[in-house]
Amino acid sequence: MGSKALITSPDISSGQLYIKLPTFFHLYVWPFALFVYPYIGYVYQNKLYSEEVRYLTYIAVGTIHALFWLAGEWNTKVYCLMTCRKTDKVEQATHILVTPSKIGESSSVEPITKLVLPDSQTIQYSFSFQRKRFIYEPEKGCFANITFPMDEPSTIGTLKKSTGLTNIQSEIFLYRYGKNCFDIPIPTFGTLFKEHAVAPFFVFQIFCCVLWCLDDYWYFSLFSMFMIIALECSVVWQRQRTLTEFRTMSIKPYEIQVYRNKHWFPISTEDLLPNDVVSVLHNKEDSGLPCDLLLLSGSCVVNEAMLSGESTPLVKESIELRPEEAVIDVDELDKNAVLFGGTRVLQVTQSPFCKLKTPDNGVPAIVLRTGFETSQGSLVRTMVFSSEKVTANNRESLYFILFLLVFAIAASGYVWHVGSKTERSRYKLMLDCVMIITSVVPSELPMELSMAVNASLGALSKYYIYCTEPFRIPLSGHLDICCFDKTGTLTEEHMVVQGIAGVNRKDPYSLEKLSDASNDAILAIATAHTLVLLEQEGETPKVVGDPMEKATVENLGWSIEKKNFVSAPEGSVFYKGKVQIIRNFQFSSALKRQSSVSNVRVSGGSFKTFVSVKGAPEVIATMLREVPKDYEKIYKDYGRKGSRVLALGYKYFKNYIPENQVSDLSRESIESDLVFAGFLIFTSPLKEDARQTVQMLNNSSHRCMMITGDNPLTAVYVAEQVGIVEKPTLVLDIKHENEKILEWKSTDDTINLPMNPHKSLEASLYEKYDLCITGRALSQIINPDVIMSIFTHAWVYARVSPSQKEFMISTLKHNGYITLMCGDGTNDVGALKQAHVGVALLNASEEDMLEMQERARNQKLMGVYEKQIQLAKRFNLPTPPVPPALCHAFPPGPNNPHREKTQEGLNKVLEDLETKKASDVQLTEAEKAAERRANLANKMFDTLANASDDEAPKLKLGDASVAAPFTSKLAVVSSITNIVRQGRCTLVALVQMHKILALNCLITAYSLSVLHLDGIKFGDTQYTISGMLMSVCFYCVSRARPLETLSKERPQAGIFNTYIIGSVLGQFAIHIVTLIYITRVVYLYEDPLEKVDLEETFKPSLLNTAIYLLQLIQQVSTFAINYQGRPFREALSENKGMYYGLLGIAFVAIAGVTEFSPELNAKLQLVKMAYNFQIQLLATMVVDYAACWIIEELMKKYFRDNKPKEIVLRN
């Protein structure tokens, strides 16, 4: 059985079966137990070697044994090699090695579960990887991701006739799919700490501390070890808290009606299984749906905020009226019938044709997926199992460390060569060599990088931007292409109705009011929608649905009523009649149209069946009985002005069709032979920050493009408004309908140029014009080179389908460009997931977010206050006073003195405002702001007043969208610049850390080798003080905030390049020269030691003093010169913590040289220096700093790669 074919899943690249061996037979147990340790014992008892050799042998063997065990913890393949043996037979295997296909995810060894199935007594083999279950399929000889009944092709008719599960089926399904729950185990603190404690860098850091302890640096080593362990404990605690919060994301089980064995009865939602038929109902607890469901009958209004983050209610229609012979398509055609797990049901409407009556007046639905296989489960898995430790380019970092290792090996070789000629202890010599080699591995790098990314996450959350995959933040720092959807992204979500065109026979170009259209056109407008009336207990009924449709019906003056009735305003011919929508086909981005069937009765007349269709003009044109003369010119003319144009068609059926027969109508028969009713003209204003954001991205070396499903003329107009296109624009489209000939057209139709789909674009075309491509034209081009030529030079893509958006992003990715996609998280899911940086914009307001934050803050306060009350009761103390923020949550009284004061203050503000309004005095902006704050305070008053009656809220899904790794709760385009800003900041910090750590490591290696052999040592106090000051700088190095304006200059993306390596080596060379120079100067003032005793304890000397103070300045220059501030983030002087930390170190160094404070010098164990020597040492410090600065500036000027790629440039 080949390892590659063992698991068939796009998420897993390979797998291998293993048999776990008993503990004694593990490779890190039996060789040591049977041979190594008995031999060591024999040597020890017989004293065959010197004590020094035996001592070194014990340390070496202990280290090797530990490394044997740790190697298995670090690498799963090594673990399998040491603890298991391979097998090709699944019947024998106990474990399986799983290698994921995603870059950055680690391999995992998972146990294989064996279950005896009750129906056939066969054994089912399965394993779980990242909470995803894989089952062995004997006929295929491989493991496959668990499949659900709905994954197999099923007809609509089959699902409609579904009678639920039988007892035997439910028992089999329970074995196969398990319970419907999110089982996220929370490890204990000890378990998590053990996982962190065996991490390579942590082990390495502790190992280094132990080495320093062996070399008599106790204070410094113990202080470092304490800091490392404390930091790791804080990380473990944070991780444990995060896992606890993730666990609260699962929906609390509740009872639901299920149809099994042809009977309805209640069961817990945890016991639901695929193919169960359930009754969907709005429950009082407001719990989310327990799993993914397919609506069989009726309709629902749902809120998918927990899943997508979008709070706008959506209308879901069942598959009831779909043709029975049609095959179910939950990803496209039937997507609107899917109820996703975690979404809240706001309202259900039963169908009069439903044969399966529910006992609780709910609507029937069939279970599609359960547990972690649901859409909500997928999002939870992404959040739980996304890379927890953020790393840089691992390959580059490895090369960088290997490069530094060359210098360390040379230094340790020098120490061994010189030391072996003396009588020095081989133990100490080997210890020195190991310490030198370990000194070049920057053990602080993971911690520093993690701090930089966490700082960015925190900064983004202040803008209500949330990220589920933090490793993508550095990617946003070197973006090449930024793609934007139009509607709801660059333009506002709400549409303004301008009127209707094409209805005035004398002047078809004129724009008329909707109410001035013909009666048939008015009826078409009033019924061509999917709006419903949402009625919730205790709330005013409200209309929910597409914002554009709401705006249209409101403009017309009609109203939406219960049971899909629409009522006309007084004065209309339909005022006292009846209009009921009996069938809806929701708008589909693939089909580009929406249609409705209604039964209409004008007052006193008979019923008629009426069809209304609206959609893209070019689509509706194919359905019209007769296309008007200027049809194309009219809609293109309005499109050029930036309006959104929808064509409207209608027809009456010859015979009245009752509601119970409407399901017999096919969509094709409905959407044909239509009468043209006009063009609905909408305008969607640009978002306030759209133009400014696009301009900032253009000016900061990014290529901005628009990818939209709207028509090309409107898209080009909006692109011109925001600055995506600057030159005259040509649109590539098919020449005539139903033809494959492509043609370039100007937006005013004055230019027509042929296009060869087999030939790349000519330079003369894109140098003179900006280009727009339609989805129809793109589908005609097959040649990959031509496609890439278009993607390189086009700026606007219009009338593209969701799948085409995804194809475009993936093509750009595969050609080496770093991409960003910004969309609404609904139609753009595929493209958002494909992009390196996908950003879903949601529609919450800042006031909503502030109110939510205030509510959360007060709930935390409530928890703290309740604990205070419990403690007071336990110790018989008086009840503590209510905090001011919670005063409205408790009744007034002596224990709540703040409530009356707060109420009095609010009443006074409101009285003053009312007085001003009554006297018709114009309110100032400040007073308007005060009024808004007072209204918000009133809302908070009501919220807090009811807070004591509610349970403490738990963290739920809603911050993150299932569609994208980045989610902006606010629908502002400036979220993109905020993400780019933080990405650049993190990327700059990454490069900076590599440089600083590399220089520190090289200087340390030199100090431990050449300087150490010259008898130069540092005292414990010197190490501790400089180490503490360096810790402050390391902490602050990644805390610099980004600048508001994005610079045209791009940050250096890589690590292993001429600029970084050249700068590090150049600065290192300067430091070495100054160290050698000052050593020789010292020998002019004191004689060098004839014989250096390396084992001698530290004694202050002029050489030690000079080297220590010079190295302090070298550390200052390393941080200050390699610090990258403007134009990406605040300058060194603005990063106060680091600035003052470096000033502190410089002060210590200069004060030590000038002997400014004898007490400080005594504390630092420095000796007195001659005046001339002080001058020379100060001059050397200045030369060292200045020379390093010059090296850095020269390398930066001539070798830094900060030029944008060609695709970013307009020509």
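Using N, Cα and C of the backbone, Cβ positions are placed for all residues, glycine too.
Both ALA1131 and PRO1204 carry the same topological domain label in Swiss-Prot, so the record keeps them on one side of the membrane. Binding of Mg(2+) is attributed by Swiss-Prot to ASP485, THR487, and the same site annotation extends, among ASP11, ASP88, ASP824, ASP1087, to ASP824.
Taking Swiss-Prot as the reference, the stretch among 996-1016, 1101-1121 described by the feature transmembrane segment is residues 1101-1121.
Checked against Swiss-Prot, the range among 464-493, 1034-1063 recorded as region 'P-domain' is 464-493. For the recorded site, ARG644 (ATP binding site), the DSSP three-state label reads strand.
Take the CB of ARG644 (ATP binding site) and look out to 10 A: across all protein chains shown you find 22 other CB atoms. Around the Cβ of ASP485 (ATP binding site), 25 further Cβ atoms fall within 10 Å across all displayed protein chains.
Note on the region 'P-domain' (464-493): mean pLDDT across this stretch is 86. In the three-state DSSP scheme, ASP828 (ATP binding site) is classed as coil.
In this chain, the transmembrane segment (1058-1078) lies close to the transmembrane segment (1175-1195): three or more C-beta pairs between them fall below 8 angstroms, excluding pairs fewer than 6 positions apart. Secondary structure of the topological domain 'Lumenal' (1122-1136) per DSSP, as helix, strand and coil residue counts: 5 helix, 1 strand, 9 coil. Ranking the binding-site residues ASP824, ASP828 by how many other Cβ atoms lie within 10 angstroms of each Cβ puts ASP824 at the bottom. Counting only residues at least six positions away in the same chain, the Cβ atoms of GLU493, ARG644, SER684, THR708, ASP710, ASP824 sit under 8 Å from the Cβ of THR487 (ATP binding site).
Only residues 6 or more beyond the boundaries of the region 'P-domain' (464-493), in the same chain, are considered here, and those with a CB under 8 A from a CB of the stretch are 104, 379, 382-383, 386-387, 390-392, 453-454, 456-457, 547, 644, 684-687, 690, 694, 697, 702-708, 710, 714-715, 718, 722, 724, 808-809, 812, 817-824, 827-828, 831, 835-837, 841, 843-844, 846, 849, 959-960, 965-971, 973, 975-976, 978-980, 982-988, 990, 1050-1051, 1053, 1204-1205, 1207-1208.
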